[in-house]
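Per TrEMBL, the features are:
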type	residues	note
DOMAIN	190-270	domain 'Membrane-bound transcription factor site-1 protease-like N-terminal'
COMPBIAS	354-375	compositional bias 'Basic and acidic residues'
REGION	354-387	region 'Disordered'
DOMAIN	435-692	domain 'Peptidase S8/S53'
ACT_SITE	Asp444	active site, charge relay system
ACT_SITE	His475	active site, charge relay system
ACT_SITE	Ser641	active site, charge relay system
DOMAIN	713-842	domain 'MBTPS1 third'
DOMAIN	843-1119	domain 'MBTPS1 fourth'
TRANSMEM	1240-1258	transmembrane segment
Amino acid sequence: MKPNFRWKKTNSSGKRAPFSNAEAVFHNERILPYDRKEIIKEDGVSGGDFPYHLHMQVIKNPEVEGRKPKCFCSSEVIKTRTRQASSGYNLKNIFYWRPDWRGSFVFVLIVVCLLSRTTQGALNSDSDATYDDDNVMFSARRLSSLTTPDPVNILHEEHSDLIGDGSKSTKTPCGKEKGVHVKIQYSSSIVENEYIVAFKGYYRQEARERFIKAALNESNVVRWEVVPRNNPASDYPSDFDVVQIQEHHKNVGLDALKDHPAVKRVTAQRMVIRHLHFVNDTEDADLDQWKENVFANVSDTEGYPGMVFNVTDSDRTTLGDESSLNSEEELTDTQEIHDDDMEYDQMYVETGADKTDTKGIGDGEPCSGDKCKEGETEDGTWPASRPLRRSSLTLGTAFWQTTGRHSSRRLLRAIPRQITTTLQADVLWSMGITGTGVKVAVFDTGLSKSHPHFKRIKERTNWTNEKTLDDGLGHGTFVAGVIASSGKTCLGFAPDAELHIYRVFTNNQVSYTSWFLDAFNYAILKKVDVLNLSIGGPDFMDHPFVDKVWELTANRVIMVSAIGNDGPLYGTLNNPADQMDVIGVGGINFEDQIARFSSRGMTTWELPQGYGRVKPDIVTYGSLVQGSSMEGKCRQLSGTSVASPVVAGAVTLLASGVLHRGGIINPASMKQALMASARRLPGVNMFEQGHGKLDLVKAYQVLSKYKPQASLSPSYIDLTECQYMWPYCTQPLYYGAMPVVVNVTILNGMGVSGRIVEKPVWHPYTPQFGQHLEMAFTYSEVLWPWSGHLAVWITVAESGKDWEGYARGHISITVESPPEEGETQPRISHVKLPVKAKMIPTPPRHKRVLWDQFHNLRYPPGYFPRDNLRMNNDPLDWNADHIHTNFKDMYQHLRNSGYYIEVLGSPFTCFDASKYGTLMIVDPEEEYFPEEVTKLRQDVEKGLSIIVFADWYNVNVMKKVKFYDENTKQLWMPVTGGSNIPALNYLLGFWGVALSDGVYEGDFTLGDRDMYYATGTSLAQFPRDGIVVRKTLNDHAKEMLEAENESVQDVPILGLLQTESNSVADNTDKSQNLGRLVVYGDSNCLDNSHLQKDCFWMLDALLEYTTTGHLAGVFSSSAGAPIPPTTDLPTKMENSNLHKHSKVVEHTLGMEQMRPLPECPVLMPVTPQPLNVSNKNLNIHVGLKLLSQPEIVAAVKVAPVDVQPLPLDGHGGNQGDIVAGSSNTGSSLSTLAYPTERTPAFAILSIVMVVLMVCYWYRSRHRPKRRRSKLRKVFMAAINGRLPSV
């Protein structure tokens, strides 16, 4: 039962009106077993319109140090707010318990819920659920959740001694508070002539120098030098060195180093620059209002000046001087809060134009003073390669983005929240769990030793070239504060944890890969338990960094990293958060909505042949979170760099609570517990939320009973479940389609290494038509560290060619790990992966569209420039150009139009063109094999149509957009243009089609539609019998190269062609079976990266033309003059480095030549092992269930296949029909088994409920009157004259 909290209304005389049935009776009180009970009250002002009293009880637990006062709120309609502290303690004001029918009903409901959870296994636990183990836990959560719909804070003025050590607490207003969003941008570049030499083991400095000397002395290197590293790790053995090499002949010294037997790898040194910009904001929906930072185009003359990072005055914040921020953003322990502080002016930053005028920029001279144009700064710094704003994406309108919450809830967004209270860390604190015994490392900008919020700074180390350990920016202080602050108003999760501060960024926000490598080695040496990295970038091919992260986690370091601030665009995950062994964290706001800034999945490592993995792993609050400032105050920041320390602090707290369990906690088991306990957000897909929102208390429950086992992420494959399984749920399977690839992550909590025993086995359920599905698998041969992948390739068997319906089955996997110390037998875990898919008959050919993924290249590793040259804030093309990343909206539009889209990750020689109506080639950067060109010509003659969306290509513009970094002395030259136009001309030359090297931009009208041409190319030649659409556009190349604006008339931008056969055939029927060709010079109208005005309607019309031959009138009416033939076509740029990143060409003996044509991938389906079982439930929605008790194992061993899981992830909704579990041998992933028929169970529950209510009523009813004696009855009757006369 819970106390009956009531509002007490005062009458005009100031006296309280009587309580209703909740009035506490002094003699019937039930005193709660707490250490101390005191009162905080807020009295309404006399004469006010709303004179209410809110009386509540505040409990102080002296074992919990640094607990923040709860923020309780009254109605917001109070006109005048005054805080009157209670002058004394009135025992009558203490809340007491009194049983009534309401309490009885609540008690019965709680009992029924608990019993139904045990019996049914399908009810979700709530964050406010009771805990019988400790009443203090219950009270802390109930009091922390006591709010009204429109809360206003009750300040604790004279009762601040209730918190922590008795010091005066910070007064945090409950009103709207100005928050700060930290925009973090990263740029990475290669340092010239510096290389990281990785060795195959750890060696002393003298031994490493001998190895390098032996390799380079005979290699004719002019000069080489080992770069000294003056840091704490220099006194210990290391596995790498940084070497500067000067050589006459390129790569001679590098080849000599690589050939040395002790050298593992030689890679270029990288420099990382981080840009922190603190922007005032109130809500995540306004984060896209940031002013765009514009990169100046850099001239290649006058010594290659550094890139200019342009920031408008409205965005400029003096980094390192937090006092420049608004004073209302910082709360001190002694600061008085006035009524004016409750008024909040929403600060919106004006949005800069997407089309930035670059005229006059690029002369190589930074601006100064008043000469700076709008958007320029005086200091020249190298820009970040991170996109800041994609205002064209309207994710809130998609059906899978809604959360079902009322819009008025937005009023709560600006309320300052104690993040530890929101996530119920006080529940663990009340149990004595405060982070003791756990070492947590913070890799950031440092921390001051004398900061008042931190009491257990164990060690501070500096890994930069600056002679300081303190934080000059404030970011590192904030991150450390979220994890382990003891400040009263901005508490950290684990105030008693050991803090190890690693300063890896300078005050100029510069870092190097070698700094991180040394710091990582030192963290391993110090046996750090948890490591937070609020950093990231797209450089997942920075091999030394990635390898060292693997080594860290292999040494049982739990790494937590931010997923990135590049949302809402998909495919923008940052490294190392996108690694399987790292806990990648995304951000949500306090309405449980995915924050707009939070990066989305999928991972792009696996493209083009495979498919990305699910990331982030979990999400948590990253918007308007309170943390420590450099001055010892509190501030609010937003970003995934804020969400990451929230999870890191939670992990630290969890680890300290299970220290008694020894080595059972490792990076995999912690990640399993977080995933299994996470609460799924409704209406959000897995590439946005991962497994859901962090649930700290539930994660502790899972960890406290955890047994080593393997698990899967995702834990099931339901290709019909929208919205969580987007994009799989948007398109059914059919015979003859490209395989659907689901990339599953295997987490191995049994050991750092493991393997899959034999092979995964596919078990189709024959009563549910599972035999119509075929499965093929590719998987990691070794699961290290703690994880591996399982790629499931799903196709339809020939038996399902004309069948429509749902097919089901499961995949069984056996994972084995070596025995741990004291064990003799290997650890084995059996895992099941349920599968459900919808199948339809094969669609007609004209409805099937094939997307070319094989010929798309992106960063990393090469400098592939942006497609829209106006978007100077985003210089790199790094979103993978996949239909489920930056072409997501186009994909969804085509699906809504009835088309079926498949992805080709192999050369053109590997698909059957007779199955498809149209091949889409969009923004290609790759070359083409001669065999591909020949086959495509044949396919078009057999009826295949082609649609090409190209982009700009101009050698002079490519040289213009190169940039030179003054810090690294490195010149970055684009590998190609927006598209590889010479390669496209080679592909299309057979039909007399070619594209030019012109770069055009501007608005135009096609029919009655407004269009925008974003720095695309034009047609150089096109057959006379085709249709060419011409428009008036601006010459953007001339604007960039000569700083002159020129409008060009009749620029050919679109061509439509009905191809003809060269063979002798019947001319009357020649166009009936021949394919058609469409070429458009700009792909930005399909690309979410820089989408301003989409052209989806035009794509529909073009597909109608290519599939049916029907030409829309908008094209025929806009047709212009034909293009005369020309021989002046674009050529390849000399000294291009495309061969370094290409799958088609290579560089041999100073010449570029074709690589051998790769073989087409052939995946043999595994032999199925059918099961004659079925499930009655229609939906499959299975959460992880980690086995923790021996009786559960026994239950699973005898369980039938018709099972219902007991989910621990709180997903709610429909429950599944197949278990993501295992038949375990001591440790595995499994679920409880229950019969599908639950009528008897509910009948029993109903009877129990009635009995409980009767018993409770009987106990609480009034005692009956005592029976009178018979003589007394007679006497009383005689007095009253009721005796009969004798």
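Note: Cβ is positioned from N, Cα and C throughout, glycine not excepted.
By number of Cβ pairs under 8 Å, the domain 'Membrane-bound transcription factor site-1 protease-like N-terminal' (190-270) is matched best by 435-692 from the list 435-692, 713-842, 843-1119. Note on Ser641 (active site, charge relay system): other Cβ atoms within 10 Å of its Cβ, all shown chains, come to 30. Taking H, G and I as helix, E and B as strand and the rest as coil, DSSP gives the domain 'Membrane-bound transcription factor site-1 protease-like N-terminal' (190-270) the counts 24 helix, 38 strand, 19 coil. For the domain 'MBTPS1 third' (713-842), the model's pLDDT averages out at 96. Per-class residue totals from DSSP over the domain 'MBTPS1 third' (713-842), listed helix then strand then coil: 12 helix, 65 strand, 53 coil. All protein chains considered, the CB of His475 (active site, charge relay system) has 29 other CB atoms within 10 Å.
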